[in-house]
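Asker: Below you will find the structure I want to go over with you.
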Amino acid sequence: MIRDLKIAKQEQDIGFYAGFVGASYFLARTFSSVPWGIFADMYGRKPCIVISILAVIVFNTLFGLSTSYWMAIVTRGLLGLLCGILGPIKAYATEVCRKEHQALGISLVTSSRAIALVVGPAIGGFLAQPAEKYPNLFSKESIFGRFPYFLPSFVISILAAGSCIACIWLPETLHFHDDEKVEAIDELEAQVADLNLQENLLKNWQLMSAIIIYCIFCLHDTAYIETFSLWAVSSREFRGLSLTSQDVGTVLAVSGVGVLVYQLAVYPFVVKFFGAIRSLRPAAVLSIILLAEYPFMANLHETELKVLINVASLLKNVISATITTACNIIQNTAVTQDQRGVANGISVTFMSLFKGVAPAAAGILFSWAEKHMTGLFLPGDQILFLMINMVSVVGLLLTFKPFFSMSSALRRP
């Protein structure tokens, strides 16, 4: 899309501009997550979820109709500002399940990422630029020819509309009293207590340390995702894999299917026997080892490359799912039910800030790496993955004392 918007003057600059489009969504969400969390605690999880889905329908469609780089940034930013679903949906997943099934509930939420890895790349890879790929079905004069990225955005909006309709049958987990006087008193008390609640949560070190660890790994994960797609389609001249967008879509779809199966069938047993934090640490170590091997895949070709990149991507995404789900479990067990909306709002605020920095930083680093392939210390591509790996090292170190102290409740959820 960045290439077609003609904002980048040379191929090496595409990553730079792509990073800011990705960052706009997360930076906007940074400012709206806590207000959405407060809204969810006051008025319920369901209204927040419905409004967020409606925002996806509107602004995702407008994103597909972008005719300029700045329109793409603005529509993504507005989507991030008005889509406050992430915090409330995590609280909802914890509340709708009994305690013994909370790990499965949180796992289902993070499984949505796996579903997105299956559906998203397939939609983007096969439906983008339909007039070029399927000239017999779409003419260049049609709306899909004039707006080559409208079709995948439109399909995603249709799927979101289906989710919005399904919310009709979604039960509310935050219950209210019927008595009007009680409701009025509760509302006044809630307004007075909001600032105190946020202050108390910020003093909850178990929660805040878990949020910081979560943010560090989100920074790593988002930087990896941003870099992987750019690196995979980059030419061999810049130590890329020279894959097509369809190839990348297939790799991510395979990873998504694997992660979905893992999260639904395997992860609940992993967290049952090892606990959240004890499953997180070895996963982080494996991630560091795996990512260190990525630059050397540029030496592979054809079948050997496709097999290994699929296996590596699957393992990396399974590891990321393990870490993310463990962090979410720790956060939601560190607070009471009436605090979860705001707690998850605080979490999403900080996480969005880190995720907002990640695409821009990764894009800049990727562009720099392509321009410095003959560095004195290491080739640019190896420095790129080394820097991403260092973020994981920091996250791993923070899971130990004295920074993070594991309570007995978190040893075996």
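Glycine is no exception: its Cβ is also placed from the backbone N, Cα and C atoms.
Sharing the feature lines straight out of TrEMBL:
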type	residues	note
DOMAIN	1-407	domain 'Major facilitator superfamily (MFS) profile'
TRANSMEM	43-63	transmembrane segment
TRANSMEM	69-92	transmembrane segment
TRANSMEM	104-129	transmembrane segment
TRANSMEM	149-171	transmembrane segment
TRANSMEM	211-231	transmembrane segment
TRANSMEM	251-271	transmembrane segment
TRANSMEM	342-368	transmembrane segment
TRANSMEM	383-404	transmembrane segment
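On this model, are these features tucked inside or out on the surface, and what's nearby?
Answerer: Only residues 6 or more beyond the boundaries of the transmembrane segment (43-63), in the same chain, are considered here, and those with a CB under 8 A from a CB of the stretch are 36, 71-72, 75-76, 78-79, 82-85, 88-89, 91-92, 95, 149-150, 153-154, 156-157, 160-161, 163-164, 167, 170-174, 176, 341.
Beyond the transmembrane segment (383-404), the same-chain residues lying 6 or more positions past its ends with a Cβ under 8 Å from any Cβ of the stretch are 209-210, 212-213, 216-217, 219-220, 223-224, 227, 231, 277, 280-281, 284-285, 287-288, 291-292, 294-295, 323, 362, 365-366, 369, 372, 375, 377.
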Asker: Under 8 angstroms for C-beta pairs, at least 3 of them, ignoring pairs fewer than 6 apart in sequence. Is the transmembrane segment (342-368) in contact with the transmembrane segment (104-129) by that rule?
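Answerer: No, the stretches stay apart by this measure.
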Asker: Which sequence-distant residues neighbour the transmembrane segment (211-231)? Criterion: at least 6 residues beyond either end, Cβ under 8 Å.
Answerer: 14-15, 18-19, 22, 26, 240-241, 248, 284, 287, 291, 294, 313, 316, 320, 323-324, 327-328, 331, 346-347, 350-351, 353-355, 357-359, 361-363, 365-366, 381, 384-385, 388, 391-392, 394-395, 398-399, 404
